[in-house]
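J.: Handing you this structure, nothing more for now.
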Amino acid sequence: MKSIILTILDGWGYSENKKGNAIQIADTPTIDKLWNSYPNTLLNASGRDVGLPEGQMGNSEVGHTTIGAGRIINQDLVRISKSIEDRSFFNNEAINSICQKINFYNTKLHLIGLCSNGGVHSHIKHLFALLDIAMRYKIQICIHAITDGRDTSPYGSKIFIEEINNQIQQFNHINICTISGRYYSMDRDCRWARTEKSYNTLLKNTLGFTKDPILMINEYYKKNISDEFIPPTRLHKGSIENNDGIIFFNFRPDRMRQLVHAFTKSTFKGFNTTSFHNLEILTLTQYDPSLDIEVAFPAKKNKNFIGEIIAKYGLKQLRLAETEKYAHVTYFFNGGIEEPFAGEDRQLIPSPKVETYDLDPEMSATKLTESAINAINKNTYKFIVINYANPDMVGHTGNLDATIHAIQKIDKCIKKIWLACQAMNSTLIITSDHGNADYMLDENNEPCTSHSTNPVPFILAEPTNIHTYHLRKNGNLADIAPTILQLLNLNIPNEMNGISLLETKAKNKI
């Protein structure tokens, strides 16, 4: 049985349009040669093909979940939005319960989350639905808005803040109390100084230079501070105190965990925190199964992701990524399961400690590649998942030149990976989870920092049997796992409704 090396180039979409396309502009001789020499196809990685609304760009969480699942799963964005449409959201027991408690104690409800329509970590419609419920109880509501600028345009937050203002301006008991860029409130790389600034602003009633959120944002814009980097600033009094309640309304967990842990973990050591009496906390989805807090939309259990199938056959597997994407090749790839499966090893390569990744576009790709080659050479793993974060993380900075540098670095790394695969007669699969680096200038020639809806490449490179396989067209990310299982000659579980990309007789399902 050959080993399968699944290499995910995060944020590497496919488009023939060269304008603002770091991937087309960059010099990538290795990947170009592999694309031209081996079976390849394009996979849809956005919208309904990955369980998102039509036209919604894909993202790393959804992409890795879909790849690991081998099926299309309705994502939390769709699940929650549908509950708003069918009105079941407004009868949600956990949400109504926390509002009742605030009403009983005559205290404050704090709504904390990313305020945009990006749809990657949150959606502003979910905030408005929460406001609809909370307003029934006539309680004091403090909105703590996190500005985006990453999954939306860098200077687009005023639209969303104005939308919130229009909803609440007639109510004296509802205020936008703080605003903070996601750089501070949604760090996921243990940059505790960032999280601490956000945390302290939530706790202290020290007012900033204005109570007008639009004026405040404009002042930061004048200093060339975009939405993502707006410093945590207080606009109105309404700090978090005893007997208050908090609803964190991001549906994606990875970038809210640090802030939530600061309020909930007794063993938290990131920075000095305050202990609260009777502070009720609710998250829209499950952020961390180890936390003893209420969840409005508990995770649905899924079984027979590819990692579980590999483990059931007693085969060893390895997940390898740097910090920024470690959760994606482990937690998300395994369907929201924190603990590794039997025979599953994990290796974390620390991401560089820089303010933004355009300052170090190579990130930790060299160390990651060295670790991957060592693992391939051991020949003990039948399935290795590698994630290169550079195209996505550098692409998010909007710096085209830095992203081109990142792409060229990845190409050099893939050359080394491919040489190792050839030496060990291992199969190399190159693909991606979503687009980003392929679309870095918008229609106005302004930097675009968000993901694209472009398809992603899929290359099946085998050192031998070059002409054995043909790959079908019109596939999506859910088709990757069945393809790998067929290559390994393992049975495909019934739960996987993805279809193998190999144009040969399909393996029987179990």
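Note: Cβ is positioned from N, Cα and C throughout, glycine not excepted.
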J.: According to Swiss-Prot, Asp392, His396 bind Mn(2+) 1; so which of His451, His470 is the extra one listed there?
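T.: The one candidate that Swiss-Prot places in that Mn(2+) 1 site: His451.
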J.: If I go by Swiss-Prot, which of His110, His121, His123, His405 binds substrate at the same site as Arg150, Asp151, Arg182, Arg188, Arg252, Pro253, Asp254, Arg255, Lys325?
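T.: Site partner of Arg150, Asp151, Arg182, Arg188, Arg252, Pro253, Asp254, Arg255, Lys325 for substrate, according to Swiss-Prot: His121.
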J.: Given that Swiss-Prot lists Ser60, Asp433, His434 as binding Mn(2+) 2, which residue among Asp10, Asp132, Asp479 does it place in the same site?
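T.: As annotated by Swiss-Prot, Ser60, Asp433, His434 share the Mn(2+) 2 site with Asp10, chosen from Asp10, Asp132, Asp479.
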J.: If I restrict to non-local contacts, at least six residues apart, and a C-beta distance under 8 angstroms, what lies near Pro253 (substrate binding site) in its own chain?
T.: Thr283, Thr285, Gln286, Tyr287, Asp288
J.: Identify all same-chain residues not among Asp10, Ser60, Asp433, His434 whose C-beta atom falls within 8 angstroms of the centroid of the Mn(2+) 2 site's C-beta atoms; report them in sequence order.
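T.: Here the non-site neighbours turn out to be Ile8, Gly11, Ala45, Gly58, Asn59, Gly63, His64, Lys325, His328, Asp392, Ser432, Asn436, His451.
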J.: Measuring Cα to Cα, how far is Asp433 (Mn(2+) 2 binding site) from Asp392 (Mn(2+) 1 binding site) in Å?
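T.: Given the Cα positions, Asp433 (Mn(2+) 2 binding site) is 10 Å from Asp392 (Mn(2+) 1 binding site).
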J.: Sort out the sequence-distant neighbours of Asp151 (substrate binding site) for me: same chain, 6+ apart, CB within less than 8 Å of its CB, listed by position.
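T.: Met57, Asn59, Ser116, Gly118, Gly119, Val120, His121, Thr449, Ser450, His451 - these are the non-local Cβ neighbours of Asp151 (substrate binding site), listed in sequence order.
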J.: When you rank Arg188, Arg255, Asp392, His396 by Cα distance to Asp10 (Mn(2+) 2 binding site), which of the binding-site residues ends up on top as the closest?
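T.: Looking at Cα distances from Asp10 (Mn(2+) 2 binding site), the smallest one goes to Asp392.
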J.: Where Asp392 (Mn(2+) 1 binding site) and His434 (Mn(2+) 2 binding site) are concerned, what is their Cα separation in Å, rounded?
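T.: That comes out at 9 Å between the alpha carbons.
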